[in-house]
Structure formats: structure tokens, C-alpha cells
Amino acid sequence: MAEQESLEFGKADFVLMDTVSMPEFMANLRLRFEKGRIYTFIGEVVVSVNPYKLLNIYGRDTIEQYKGRELYERPPHLFAIADAAYKAMKRRSKDTCIVISGESGAGKTEASKYIMQYIAAITNPSQRAEVERVKNMLLKSNCVLEAFGNAKTNRNDNSSRFGKYMDINFDFKGDPIGGHINNYLLEKSRVIVQQPGERSFHSFYQLLQGGSEQMLRSLHLQKSLSSYNYIHVGAQLKSSINDAAEFRVVADAMKVIGFKPEEIQTVYKILAAILHLGNLKFVVDGDTPLIENGKVVSIIAELLSTKTDMVEKALLYRTVATGRDIIDKQHTEQEASYGRDAFAKAIYERLFCWIVTRINDIIEVKNYDTTIHGKNTVIGVLDIYGFEIFDNNSFEQFCINYCNEKLQQLFIQLVLKQEQEEYQREGIPWKHIDYFNNQIIVDLVEQQHKGIIAILDDACMNVGKVTDEMFLEALNSKLGKHAHFSSRKLCASDKILEFDRDFRIRHYAGDVVYSVIGFIDKNKDTLFQDFKRLMYNSSNPVLKNMWPEGKLSITEVTKRPLTAATLFKNSMIALVDNLASKEPYYVRCIKPNDKKSPQIFDDERCRHQVEYLGLLENVRVRRAGFAFRQTYEKFLHRYKMISEFTWPNHDLPSDKEAVKKLIERCGFQDDVAYGKTKIFIRTPRTLFTLEELRAQMLIRIVLFLQKVWRGTLARMRYKRTKAALTIIRYYRRYKVKSYIHEVARRFHGVKTMRDYGKHVKWPSPPKVLRRFEEALQTIFNRWRASQLIKSIPASDLPQVRAKVAAVEMLKGQRADLGLQRAWEGNYLASKPDTPQTSGTFVPVANELKRKDKYMNVLFSCHVRKVNRFSKVEDRAIFVTDRHLYKMDPTKQYKVMKTIPLYNLTGLSVSNGKDQLVVFHTKDNKDLIVCLFSKQPTHESRIGELVGVLVNHFKSEKRHLQVNVTNPVQCSLHGKKCTVSVETRLNQPQPDFTKNRSGFILSVPGN
């Protein structure tokens, strides 16, 4: 369990108070405010007191403390209510909403921003790029809407002057995928006039203070706020908002959201055009109205991308259609000023609505298919203007306070009235708790035919000139007996009210005196059609799209539009219906004082808000009531896995009996009540424990399902693999048979062919038979060789084998192997080769045979050798099957050196036509010689020497390494050296010479 607050901070939940009374409630609220604890629970309702200072309780660490936690686990916080709404939406796939209410300056807008920040922070753990993009745009939209819809008032430096309801759409995983914003009743009159101590919308000041010099020049603006009539009232006011810095923030946010550069530029042009409109002055020359500063008209025309004469005409004249006739009616100075102001208000309102629509176009959910992506759920966040009581309350305050009456009625219906009625319907023992039901005030305003809005609409539709005083008279006549309505005519002794001007409504939040001045005009919301046509004909496509009705013909008769009050009433009814369809969570904001001080807690001011918000009644209902209720069927569907009596299905008489069994199994029977169709759970702790038990069981269920599914998958994979292996086996057998049949077909009758099938092409074998094919080809080649050998005399076979060995070792590396001649081998005994000494050699050879017991002579030949001392001499070599003898032919073939063949490790020859050969020995005493023949001269015998030696070594199952290089590497008594071969003209015979790296064998050139 997470750490809870100590008692020094008071009660974290008003439900835990010892006695439910206003003094104790206020004492606890004050204590927590003074201790810096601005949030307190009433069950699942959060009471928030505006601290009027920045608190370090909204960072990432705090977010992590509340993420996934239940309400009772952490101290009260906005994050707790946001997480509760998110979990309810995700767990039960149910739409939820967070309703933030309270009077102006109580901190509603900041609360909505922190809630949005929290939801953005806890979603999209997998960091999907598209979800991050949506989250970023949802957050950035806040500062854009604040810039164009918020203003400094006497009660709040960042007061929302419009209502905002945002739906955030989530996919089945709980990640935001889009959203939609509804805006309500922008206070557009603030564009042209503000009360003392207040400012117009932030956007004007941000543009003038944050725009670059170049930008302001292009818009024909200057930084001086007092230069513009529409905003000069608040020019000298100090604000906690840094307009220049906010301008850059808003500009960046618009880019991030997806506004195009030309769209952003159009926004600045519209703001500049409004400021210039306010500086227009009208004079009358006789009966003709004129614009005193005509240059400003040209600037406005340039900014609005239209023609100067068209702007001037729309400001000074009104086009009237009477039947088929069209006339231009001149304005009086007063009418021209009225038209100018109406135009400025309308432009700004259209701009604001266009910004909202543009944001919606970008953030709305696109291409979402519930069959593929699962159910799309919603969390709604309502941030709407709070209850307002000013020194001068007009039509805007009337609408705003009506909105708050509707929201209070929703709270009463859902939290107080419906809850008590449900207990009675379900047969739950209950003691009724009294509360003030403000439905009577809601009806006073919105009732059909009898309410104030209906009376106002009737007055606006009357033929002839209707004044605000006539409207007040109609109110007195029709509502004179209403308990919550009064005026000076109805109560002559009440001197607070002015005759023919004021009326009072007793709102749930207190009495408010309204001045009827401007009610008729603001309700009609009149804007001459000339201005609409002017804007529709703009060459700027953004402006053109803002005024679609401007395309109507002058003579076209249109239906009377709904009045501003009726439009607002309809939007409020739709909003309340929307909120009622969702599971609501409430944040009740309280303003501690009127001085915006973080140190002052005004008891009377706060008590009044606690009373009209019905917070004490909320505590009583909460203490006596139940935190959660659910139908037996749905409850069982969610929690049946907790008990063995209900999992997977129960066999009890009814769902109610099954739920009872489940609750008793968990030991919660003292904390629940059983209604006719629903179970009621008193404390959140029980519900949270049920959720924990369910989460634990879900892990086991998921593991079981995973085990079963893995087994199923394994069996399926085994069957598929077994089938595949069977197919592979039969296919391989088929390929093998096909290959063997094809080989048999192609090589059929090769024995009768002249070349024994040498030209027959082998078929391509399957992969599995590649090694078999190699073996088969080897067998075939041996058979073919045996067939060829049969025709060779037995005496020639050793020579053939030697030639084959030579080819294997030297083919492709030496040009001439001597294959075309007969290989005699023992050339020293041959008279043609050594006619004078052959007779001398034979006795020596016989003596060596007797002495060394050799069986066969492999090779003998005259050579020229070089030793380590660079001495070059003519010698002879005599190779038997046991030894290599170096002999001196000048001394009757005396044996100079004997090398056993087992001591021979390899041969090295060059890659040319020379006869160089190096015999490598184990003791690194290599023998370097160059073969030569006397008859015929320059006969190549290297191939023969290599062939007979390799063939002999092979017969003894030994390997003789043969190297073909140039230069040739050798070792003379352990000293490494090289022998390179050079061809020289006029060289009579091969000869060795010394060089730096070893020796050079010079051979005769052609």
C-alpha cells in the first residue's frame, strides 16, 4: 500500500469527517489549503482549491506515483481522478468523462491541462509514432485555443471566454488515436469592448508583442497597444502572461498541429484587420457618411485580400432587396459604427471556429475499423466557463450562468437524485437526504414558450422596432410570480435594481442582477449580408471558406436563422445528454479569495461556493451510499474467475445467488447489499480488492490458455512437419529414381561406343545425390579407364601410369611434359644418350643393386648441379625404388651422395620449359640440378621424373609434394635461397650463376 498523508494535513477525504457539518467541512478545507494540500476527495469527486502559485506536484515522478494506482492508495490529486477515469474506460470499455466545474478563476483551465498531461504521459508505452503524434497534437491544441479563446479578466489572468469539451478517442489497448473539440459561446463582444481592468483575447497582445518588426510592417502594425481602439483599454494592464514568449509557443504549436504556413499567415492578417477596423472613424457630410481615415480601408482590403471600394461600400452602405429591386441604403454614423463592430466580432468568431474545425480535421480518428482494431472508447474532458457575477452582467453572463445551472443539474441528477432513486428502486434501505434541486431555475431559463430564452426569441421576432425595455416588460408580465425572478417593477423597494434596465435571477450559486441593455441585439447577432458577400469574394481561400453563406444571391430569401440564445441552449442540452451517456468523474474547483493571493483563505467566499456546489450534500450521500453498483450478470461476467463456484460457469438457481456465493467466498458480505437486479458495494477498497484478485486469476488463466494453445500449436506443427517429411521422403525417392533412370538411359550401350561414353553428358542430380554423383562418376571413369587399358600392352602400363601421375601434378602449370615420346627412364644406360659411358654405368648400377637391394630403376639422367658454395659441376642422378644417387660421370659414375627416398619430402620445378628441379630433403640439404640430354638435345624430362616418383610414392601409399613456381624456393644446409630461371640468347647450355638471393639458372634462348 502506498504512503498516505498524515493527520497534520487534515482529512484527505471529506467522507472521513467525524461529523458532517459546514464548520467541520470548512475547517478541514482551510487546514489543507494552509498546508499546501489543495486537493481533497469526496469519494470519487476531487475538490480543488486554486493555490494561485506554482506547485511542484505535477512532474514525471508524481505521474509515476499515480499511474495504475487505485484512488485510495495515494493522496488526493487530479492525477488520481484522471487515472480512475482512464482505468474505467480501459477495463470496462465504457466511455467516461471528467467534468470540471467552479466559478471563474477557480482553476478549471489549469486542471484540464494537467489532466490532459497525465493521460498523455501514461499512454503509448510501446512508443508508437502515430500515437505520439496524436498525443502531441492534443496537448498543443490547448495553448492555441487558449491564445484565441482566453483573456485577462478582473478575476483571472487566463480566463476561458469560451466553453470547451474535448473527446479523446482510444483504441482497444488504451492508446489515444484521435480526438474532437466542441466549442461553446465565444464571448466575441470582448473583441470590441472590455470592462475596466480587463483585456481582449490574448492573441492580439501576443501578435503585437511577439511578432517580428518585419512581420508587423507587413501587417501595417506597430507594437504600441494604445494605438488601437479595440484594445487600448487594457493596454497598460500588467499580466502574469508573457505575451512575446507565448506568441512563439503558439506559432510553434500551430506548426506541430499541422497548420500550413499560408494558413498561419492568414490568421495574423485577420487579427491585424480587426485591429485596423477598430481605428476606422465615420463622419457625416450632409446626409452622406464618410470614412475619416480612408487609408486604413486600403490596409484592411489588403489584409483581407479584397478590393478597397468593396470594403468601403460594405462599411457605408447596406444592400436591400425589395422584390426584384435592389437598392443601396446609406448608413448613419451610428449604423456604420455598429456594422463595423459587428463585422469585427463576426470575423473573430469565424476565425476561432475555423481554428477549432481545422484542429478537428487534423486530430479526428481516421480509417478506424472496429472489426480490426477493436472498440473505440472515449474520455471526455469538459473545461467550460465558471459561474460569473460582475458589476455589470449582460447577455454573455446570462448564457454562462445558464450553462453552469445545466451542469449543476447534471451533477444533482447523477450524484444526488438518481443515486437515491436507484436505492429505492432496488429495495436498498435508505434514509432520504434533502438537497436543493435547481431544475426550477433551469426551467426558468430554457422552458419552451415560458422561459426567458423563449420570451427573448419572441421579442426578437416581433415586427417593428423592439427595444430591450420592451423585452424586460415581457419578462415582468410572464415571470412576475416566479420565485427565482424579480425586477424593480415587481419589487419597487429594491433599490439595487434600476427601472427598465435590470432583472434578477436567484441562481443556485447566488443572486445575479442582469442589465437587459444589449440583450435583443446580441441575441439577434445581426451581421449585414454585405459583409458576408465581401468575405466570400476574398481571393484568400481560407477566408472564403469561412463565409460559405456569402455565395447566396442578394434577392434569395432565406429562413430566419436561430438566435444566439437558442443555439446556445440547444448546444447545452446536447452537451448534457452527451455527458449523461458517459460515466462521469467530477472535479469541483473552489476560488479561495478574490485577490488572487496564495495566502488568503476567505471563509465566507469559500463557504458560499461549498453551499451552492452542494458539496456537503455530496458528502452525506457518499457516506450513506455505495461506491459501486453493477447488474448481477455483468458483475459475474467480470469476476466469476475468482471463485470455483462460478468458474467457468455456475449451476446455481440465478446470477444473484452466484454473486452471493462469490462475495461470501471472498469474505465481503458485510460490505455489500443485494438489490433486485444489482449488487451494491459500499467502499472502493472492496472493489479494488476484487480487481486485484481478478488480475491474479487472469494471470493463471492466461498461462493455462497459453499452455493449451501452445500444445495445440505444437501438435499442429508436428502434424504439418510429419506430413511435410513424408512428402519430402517420397519426393526424394522420386527424384532419386528419376535420376537413376535417366543415368541408365543416357549411358545405355556406352560399352559399344568408340570412346566408351566420354561425350555423354551427365544429368543434373538432385541435391541429396550430389556426393553420390561424384562417386558414380569416379566409378564410371575407372571403368572407362579399365576398358582403355585393356588395349595397352602390359609392358607399357608403368609408363602410362607415370604419365597420368605427371599430368595430375603438372597439367596447366608446365607447357611441355614430354607426353608424346616414349619414357625410357634409365637414360644413363641408354647408348644413344651416353654412347661413350653407358658401358661404364651398367656395372655400377648392378653393383648398387646387389649392395642396396633395389628392385627397379625409376629414372637416371645427366644433370648440372650447383652446391652451397656456388660450385657448378656436371653430375648424374640415378633414382631407384629405394635411393636417389648423385654420381660423377667423369669418375666412372662414382657415387658422390646417396639420399634414401624416405628422406625425400618433395620436388620443386619451374613453370617454364627449362629442366630445373630441386629435391627437398628432411635434413634441409636440398639438391639443385638441371637435367640435360645429349641425344636428342634439350629433350624435356621433368614430366617423366615427376611422374615416376609420384607414381612410386603413391604405390607405397605416400604423398610426394610437387611445387611449380618461379623462382624456386630451396634450403641449402638450413639456409633459405631461391633459384630463378632466365632465358638468354647465345647461351650454349644451361648454367648456374650466383646472385644476392641465391642462384640464377640461365637457359639457352630460341
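Here the Cβ of each residue, glycine as well, is placed from N, Cα and C on the backbone.
Looking up Ser200, Ser337, Ser955, Ser971 in Swiss-Prot shows the phosphoserine annotation sitting on Ser200. Range 572-594 is the one annotated as region 'Actin-binding', of 296-318, 572-594, 802-824 (source: Swiss-Prot). Through the fold, the domain 'IQ 2' (721-741) approaches residues 763, 765-766, 768-769 of its own chain, all at least 6 residues removed from its boundaries and within a Cβ separation under 8 Å. With a threshold of 8 Å between CB atoms, the same-chain residues lying at least 6 positions outside the domain 'IQ 1' (699-719) that come near it are 641. A straight line from the CA of Gly105 (ATP binding site) to the CA of Ser200 (phosphoserine) spans 17 Å.
Rounded to the nearest whole angstrom, the C-alpha distance between Tyr536 (phosphotyrosine) and Ser104 (ATP binding site) is 37. Taking all protein chains in view, 24 other C-beta atoms sit within 10 angstroms of the C-beta of Thr109 (ATP binding site).
When Cβ atoms from all protein chains are considered, those within 10 Å of Lys108 (ATP binding site) total 27, not counting its own. In sequence order, Asn50, Asn156, Gly386, Cys589, Lys591 are the same-chain residues whose CB sits within 8 A of the CB centroid of Gly102, Glu103, Ser104, Gly105, Ala106, Gly107, Lys108, Thr109, the residues recorded for ATP being left out.
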